[in-house]
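Chemist: From TrEMBL, for reference:
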- 390: active site, proton donor/acceptor (ACT_SITE)
- 124-421: domain 'Peptidase M14' (DOMAIN)
- 1-24: signal peptide (SIGNAL)
Ligand code: 0X9
Ligand code: ZN
């Protein structure tokens with residue numbers, strides 16, 4: 001389905017009320033309704049352009065199967081939104097209340113020396129600084145089989161930080177399993193799930209339940225790929241998606257890192273050229289600092305034994321997405337093997353709570369997307385299976401009590417796939 005790129009109007013965010021006191025500086029989403037609009041009658045493009053007549057209504061990129069598009073509609077525009085006559089369903093009555101229900105960012109509690117942090121970490125969301133503390137603490141509890149790495153710096157000079165795990169063969173002796181999370185700043189559940197996988201891998205090593213995984217693969221896990229955006233989504237604008245890059249002569253801030261990778265970046269239709277759009281692809285292929293360091297890093301860790309499996313964790317749509325995004329007709333050479341693995345992951349995911357994921361190529365399953373990491377890692381880094389997974393949820397804002405079930409169902413899926421990759 002044709003995908004139109006519409007601006008997330010800077011005005012719409014600027015006009016939202018700014019709160020006093022503890023939440024000073026944060027955009028206030030109180031009274032905003034989250035609305036799904038069915039795309040069965042009208043195409044995405046016509047819906048986006050119809051809704052763009054409402055100055056303060058926010059268009060939310062992604063998260064559908066091409067079946068609906070999402071908007072955050074402020075109370076004062078709700079009647080006007082209804083009058084547009086779109087086939088709309090309210091899925092969140094009050095985005096402000098939903099954000100409050102995510103709970104506070106709970107501080108990291110340091111464990112006894114050399115012990116793993118408590119699993120209560122997964123009962124809440126956390127600040128970026130605390131995610132770094134968590135990562136360091138896990139590493140300290142697993143000193144002979146792990147190290148913290150940095151990929152390089154973001155636009156705002158934060159280090160993109162991850163953890164490398166290995167098993168009995170020693171460091172960098174096996175093919176790589178590589179996980180990214182939260183390239184899209186607002187998709188906080190992705191970071192929690194990546195850390196859940198990390199925690200399971202490490203905590204199961206001493207009792208033998210995960211030792212074959214670590215003995216067969218080097219794991220590289222980056223829980224927050226877009227720290228600048230993540231911090232901004234926690235401190236200012238909960239629904240922020242992009243990085244925080246400022247470009248000369250352009251007033252809008254931010255580029256969608258997942259439209260900026262140097263793979264079919266020029267192909268029309270899969271990203272926006274409008275700087276204020278949520279899926280703005282940048283002015284040139286890989287012109288974000290994040291893309292530059294991530295491409296170099298990915299190729300570096302692939303150089304020795306190759307990357308067998310990559311997952312870029314996103315939310316929300318319950319999808320296992322395979323290459324390609326840039327085209328619905330291009331077919332990755334090993335598509336049959338990819339689809340069969342993804343089907344078995346989907347089946348396993350459903351076993352714990354019945355969560356039904358959809359598995360298939362990005363373009364035909366959701367929409368065309370150019371410059372995505374999965375396509376680059378497939379074609380250039382030569383990753384055997386380069387996927388994006390859209391986690392559970394009906395909104396980017398997910399209550400903290402969903403973290404553990406989301407972690408469990410994905411960990412079950414991961415455990416089912418890893419033995420098939422050896
Ligand atoms: O549009 C996206 O980038 C992802 N959906 S989201 O709603 N989380 O924004 C899908 C990513 C698919 N992967 C690639 N295009 N590489
Ligand atoms: Zn995303």
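Each position is counted from 1, following the chain as shown.
Yeah, the Cβs are placed from backbone N, Cα and C, and that goes for glycine too.
Give me the lay of the land around each of these features.
Modeler: Residue 390 (active site, proton donor/acceptor) falls within a strand when secondary structure is assigned with DSSP.
When pLDDT is averaged over the domain 'Peptidase M14' (124-421), the result is 97.
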Chemist: By a simple count, how many Cβ atoms lie within 10 Å of the Cβ of residue 390 (active site, proton donor/acceptor), its own Cβ left out?
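Modeler: Its Cβ has 25 other Cβ atoms within 10 Å.
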